[in-house]
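Presented below is the structure to which this report refers.
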Amino acid sequence: MTSTAQSPPSDVDGAQPRRPAMRVRKRDGDTEPVDVNRIVTAVARWATDLDEVDPLRVATRTISGLYDGATTAELDKLSIQTAAELIGTEPQYSRLAARLLAAYVAKEVRGQEVASFSESIRYAHGLGLIADDTAAFVARHARQLDDAVDPAGDLRFEYFGLRTVADRYLLRHPRSRLVVETPQYWLLRVACGLSTTPDEAVGFYRLMSSLAYLPSSPTLFNSGTRHTQMSSCFLVDSPRDELDSIYERYHQVAKLSKFSGGIGISFTRVRGRGALIRGTNGRSNGIVPFLKTLDAGVAAVNQGGRRKGAACVYLEPWHPDVEEFLELRDNTGEEARRTHNLNLANWIPDEFMRRVEADGDWSLIDPSDAPELPDLFGEEFDAAYRVAEKKAVRTVKARDLYGRMMRTLAQTGNGWMTFKDRSNRLSNQTGVPGNTIHLSNLCTEILEVNSDTETAVCNLGSVNLGAHLTDDGVDWDRLRATVRTAVVFLDRVIDINYYPAEQAAASNPRWRPVGLGLMGLQDALFALRLPFDSAGARELSTRVQEEIFLTALETSTGLAERFGVHPAYPQTRAARGDLHPDLWGVEPTQTARWAALRDRIAAHGLRNSLLVAIAPTATIASIAGCYECIEPQVSNLFKRETMSGEFLQVNTYLVRELKARGLWTPEIRDRIKRAEGSVQGIVELPAEVRELFRTAWELPQRALIDLAAARAPYIDQSQSLNLFLSAPTIGKLSSMYLYAWKSGLKTTYYLRSRPATRIQQATVTVAPVVAADAEALACSLENPESCEACQ
Amino acid sequence: MTTVDEPRTAGRQLLLDPGMDLTLRPMRYPHFFDRFRDAIRNTWTVEEVDLHSDLADLERLSPAERHLVSRLVAFFATGDTIVANNLVLNLYQHVNSPEGRLYLSRQLFEEAVHVQFYLNLLDTYVPDEQERFAAFAAIENIPSIRRKAEFCFRWIDSVFGLRELRTRADRRAFLLNLICFAACIEGLFFYGAFAYVYFLRSRGLLNGLASGTNWVFRDESMHMAFAFDVVETARREEPDLFDADLERQVTEMLAEAVECEVQFAEDLLDQGVSGLSLKDMRAYLEHVADRRLAQLGIAPRYGAQNPFAFMDLQDVQELSNFFERRVSAYQVGVSGSVSFDDDF
């Protein structure tokens, strides 16, 4: 490269786009001059309905970043990237970038002589990627399936979503690594993998292609392939207190991780440090060294190159190693006692919280002295714990330990607070003694019984509420239709699923639990102009959840009518007529439908022991282009960092609002950026608009907990509830989590906080540094002697 | 205005007055102490950075990108050590405030962590021992890196002989050294290097390098802000240290730094990297230089705009999918005690 070839006109957006010196290399090796008009034409083709997009701007900026002698493929990729980089100034560029990417992907697929869906399946089957039965099914119904592919489907994607799909979900040629399916072929393949008739497949494909519902990632990765592991979550009971069992668990976790599952595993049964080992007459080193091994094992498993394995370890707070457990994620201290890849969660009995409140003592008890404790909950646990306290290894102040938990949350976001008694008492699966939920899962939304020989499994999917809106509010008919389809296909996974471990295969067919979730709540609240902490928001969120749960139960009893109840049905509370809202003691709003449902359940039972769980939807919400699960927006302007790169996300509802008021200007954008995505300083906006567009950091967290508690009677598992405090203190956290417990929540998830200081912004306008002036200095707490302000 | 090169008259104690002030109460510069405490809350360790996926990425880089990365890590191999040396040899000696020195001690620790990070990075990226030695000897072998190093050494040497800042000329020389390290080295050379890392990151490449660099970048931002705070404090105490002549020297110094960094860019981008043209890189560096001038209250020299949208991305809040990346947003020191009626 010479610098002359690189010295273009001064202004990238300027009037002189044509630079004859720059040449690109074509696929056949010839070079040709870069032609700005050709790029403009190629871009304009995808922008006919995008009135704010300027194809010339994309073309000139693309050329500015190019080097002499680049390939045409590099040029195509750069134009996609360039369009994506303009999203911050105009969100429509997100659609443009997505379409350019879809065109690029389509070209790659066509380049391998694949011109239709059925050809793509045949090709991928030949490469060993597709299951024989799916390949046969598609071959049998090739015409109907090929005709079903919706050419407009790709137009619905935003850039971040499609980039994620293209980089990680589409099947690739094992050697060339070229994608062998387009995004629409992929969704149709997923549908075919779960269908028995072509009509069914087409119906499910249409639902997914509309982005109104998406199954979880393992289903999207693996349906129709040779390894149909489609479940998201596995809940592994604590190893027994012996070496063989611990190493068996490592093996099981590795197998479950390999095919995209997330792992929850308890360690409560394993004896603590200092406990006697009779076989050798030595003393145990406790659970930390074993967790260190688990940590390495989890990191070693690469989920098909798509993401690293992930696991969360659960421990009850009476375990003698609990303090060391809480330090596992600290970033200082001895590395041998740190596990950077494991997530941590506390599995907390009510007795602990009561003693925290009463400022009482708390006994740490070795599980080898009280092996019954992990299997007990409620009053039985309380009684057994009090007896076992006589054998306590150590006694601490309950508040000191609680404070330590809060510090771990603040410093690492980890050490999630999940509540054992509530989770068990309000579960459909704990209808008879001996069935106990021992932990939650990687994302704290799944609560299922398990044991030494049975690993609980759950497969998930989420409804996109944002795609079920009309001008007047929620489209209830459409929502019901979506839920019905979703439950049928979640149930279907249970039978088709490949179980990587025998313990998982032993549990899932007995209980047949599924986890239907929700995403895009924030989209609905923006669209309906309901602030997150308003009574209207709470009403809507509860009403939506009731509708989803009710419809899911109706569908499940319908499935039971056709295929029979799940085998463990007699052990459930539903078998005795207690449905989840009854356990909460709430009165549902749709009384007639609930009454009819009760009759049907009494007659036919249920096909599934559990139906609803609100998962975090990190990836599928991106694909659907909506806000994650039940979460408020984190910022009006933020970036996502993933394996695919970094992506700017702009609140398009806000942009629309600002545009309507003539406020979408570089100056306002700069101010929002400087305020880290907050609009509270944009005084040009009326107060109620600023209120609507508050971020998670600006909302009272009490409101998030209240919303969660209000919808909880209609969630028979649990919800991944993140809480947000930009500057957490022990006082705030201890108040907040006590409130969460008292509200009756079964689980909470991450505590999100922000760094103490941040990288200096590199692109917003700067002012000269002003050293602390005399007034500020006088008021500093570090300078009490000279402070007069408060005297 | 005081006479040139006369010893400074001792009235009340000034920041650049010679000495080893030990008195933390009453605190003269609490804002330095606040920065010290903020820095502690940002503690991170090299072990937290997972370079695992980088090794796979290195395999898929084009030859041009691989050349870029190898030059870049060669620069990182020595960059922070030079900064640490100047801190010990020059800054610590002359910033006569115990709370200021607390911050500098902390900064020194951070520089050491950065050195360790890049050491670990090179050991991981460059398995061949001979190649690795060559990377660490970059300032001898690679002209574009040597030129930057020489620029740094020249400014270290400019005040190295000064045991005490007695005269106006001494103090101005010291300020130029301080500004050089803050604005040119941490504020321009490193910002240039970060741009390459973030370019790769925006393409989904070398996440490990990027997440470590994120933390390095956060630290460097603070170092620069502290240095500018010192400059501003000295300016408030002794306005006569600043005049058009000093501004001219600063502007020239930055211009020279831009040229050094452009030469480095020519080397890095030698084989053509799509999306990162030399012209855009120059505009970015000029834009950064203008920002440094603006922060010092000096008129911009270039009037350049930032052409890199991926650098815009560094200015907005991050949200990571925990399945994929470790979140860098948590704080170390959290205070308070258990209570049940705090607002949340």
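The backbone N, Cα and C atoms fix where each Cβ goes, glycine too.
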One of B:Asp80, B:Asp123, B:Asp128 listed by TrEMBL as binding Fe cation 1 at the site of B:Glu111, B:His114: B:Asp80
Of the candidates B:Glu186, B:Glu252, B:Glu256, which does TrEMBL annotate as part of the Fe cation 2 site that also includes B:Glu111, B:Glu220, B:His223? B:Glu186
For the transmembrane segment (B:173-199), could you work out the same-chain residues 6 or more beyond its ends whose Cβ comes under 8 Å from its Cβ atoms? 16, 68, 72, 75-76, 79, 82-83, 86-87, 90-91, 94, 148, 151-152, 155-156, 158-159, 162, 165, 206, 209-210, 213, 216-217, 220, 223-224, 227-228, 230-231, 234, 241, 246, 249-250, 253-254, 257-258, 260-261, 264-265, 268, 273, 275-276, 281, 284-285, 288-289, 292, 295-296, 308, 310-311, 313-314
In the same chain, which residues outside the set B:Glu111, B:Glu186, B:Glu220, B:His223 have their CB within 8 A of the centroid of the CB atoms that define the Fe cation 2 site? B:Asp80, B:Val83, B:Gln107, B:Glu110, B:His114, B:Phe190, B:Asp219, B:Met222, B:Met224
In sequence order, what residues of the same chain, 6+ apart, have a Cβ less than 8 Å from the Cβ of B:Tyr118 (active site)? B:Val73, B:Phe76, B:Ala77, B:Gly79, B:Asp80
I want the residues beyond B:Asp80, B:Glu111, B:His114 whose C-beta is within 8 angstroms of the mean position of the Fe cation 1 site's C-beta atoms, in chain order. B:Gly79, B:Thr81, B:Val83, B:Ala84, B:Glu110, B:Ala112, B:Val113, B:Val115, B:Phe117, B:Tyr118, B:Val216, B:Asp219
Cβ contacts of B:Glu186 (Fe cation 2 binding site) (under 8 Å, same chain, 6 or more positions away): B:Val83, B:Glu220, B:His223, B:Met224, B:Ala227
Hey, does DSSP put B:His223 (Fe cation 2 binding site) in a helix, a strand, or just coil? helix
Cβ neighbour count (10 Å, all chains) around B:Asp80 (Fe cation 1 binding site) is 25
C-beta crowding around B:Glu220 (Fe cation 2 binding site), within 10 angstroms: 27
